[in-house]
Amino acid sequence: MTNHTSPASDADWSERDGHLVLGAMVRTLGSFPSGWRYPGAHNDPSTDPRALKRLALAAEKAGFDYLFLGDWLATDPELEFSDPHLLSRIDSLSTAAYLAAITRRIGLVGTVETAHSEPYATARAAASVDRLSGGRFGLNLTVGADAKVEANFGPPGARAQLDRFEVADEYVTVLRGLWDTWGEDAFTRNVATAAIIDRSRVTPLDHVGPAFEVAGPLNVQRPVQGHVPLVHAGTSRRAQQFAAEQADIYVVAPTSLGDAAEFYHDTKARVEAAGRPASALTIVALVLPIVGETRADAWAVYDRLVELFPVDDGTPEAAKLDLPGNRNIRHLRQVIGLPLVERRFDEAVTPGTASRFTAAGARLVDVVTRRSGRTIGGKRPVTYRHLLVAHLIRSPIVVGSPTDIADHLETWFRASAVDGFNVLNAFLHEQFETFARLVVPELHSRGLVRDDYGATTLRGHLGSPRPPAPLPALAAAIAPTTRTD
Ligand SMILES: Cc1cc2nc3c(=O)[nH]c(=O)nc-3n(C[C@H](O)[C@H](O)[C@H](O)COP(=O)(O)O)c2cc1C
């Protein structure tokens, strides 16, 4: 009898055993806007292949579940001072294919946009990288509407008139349908009879929908993982619903533990309402750790990053940079509600001045204290520069020793606010490698991460069962025209 079960190891079917999932966000210029200026930081995109390789090997050695490769089908030189990592980066699927050959166990998540790609090409590319990596690929689908991207793809077609999430749902139907057009054992390779395939196991798709018409079958066999795991990131209700119904991993960016826990429970309820077990969706939050051997070391790294963040301090040098219009004392004044005409950026905020701040200003003081240990009236005082940076950089930054960072991750995980984290780095390589060398072992000693890869596929890392291929009889019933003798 034909075996239609997974060729993957038993471990790939196992539960995650209560471990938190760790993904590494790949941004070679780092995620702190001035990170690339830090002494010794990687800052040359022309040497990215080496940087990617070094990051991937460090992440794999530490046992990360996957590398996350974001993408954007546009660029904008005006992002120079706010998001330098978006200026130039190697296409995410090409990167995943490159890293597939370098790594052995870690998952590789690449990004495709549903509005400006064809599901046939995406199904093929994703199945290809999944095959090349032995079942480690994950596909992040973005469903955004972005004028800069649209400007790169000619006049909008009929698809642009449709609801973007309905298009995305149909896109997923086509992807999965195409991955199922090849049965598991379609390649019979019968040397004696000369039949290399069993044609009954290769079926067309014949999809005709509002957005796509795709005949199939796919021109590459079924992915190692059956269906490549799908990833989504988005904050709107529609994005949440799409993730609940379709995704295996959902990347979120909550601003507080309370919000995260509420969103987590709401999302898991939606997963169940969609007829899936709550564990089918792994919810991971972004986190940007700034770590040092000691808390004081970490504060020093954060202070240096703040100093390197260019602001308009009225000097001719700053004027030449053409900085965004919100990088000056005038802008800060609007936020904290006080005239600051004569203030210099590095002046300490006095207790008297702080007592007159707006609620928003008081919140910024809290952020500065949490990130840098600086206090109003303290030996290391809060400065106006620190306040402005806290206002402009809203990333989920956690600064501290390995114990501090592990405490934060553990608190969120144990509060059922997340299943894991997508870990950003302020700059490469020191910050990521310090996290891998010091924080991951701390998590391990607390029983929060496993000590080695128990599985060989991304699905295995997630504890997500591999969808079986439709049985030949069923496939034949669906598509009788494909029957051959
Ligand atoms: C944490 C996070 C990461 C994201 N990464 C990307 C990305 O790499 N590329 C992209 O085009 N959009 C990215 N997005 C945007 C969303 O994926 C996209 O716009 C989403 O499909 C639509 O959701 P929305 O309705 O919340 O805008 C990201 C969003 C979040 C919250």
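Backbone N, Cα and C define each Cβ position, glycine as well.
Here's what TrEMBL has on this protein:
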BINDING   Asp71, Thr111, Ser236  FMN binding site
DOMAIN    42-416  domain 'Luciferase-like'
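Positions of the features from TrEMBL, shown on the structure.
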residue	record	Cβ neighbours (10 Å)
Asp71	FMN binding site	17
Thr111	FMN binding site	21
Ser236	FMN binding site	10
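Largest Cα-to-Cα span within the FMN-binding set Asp71, Thr111, Ser236: 19 Å.
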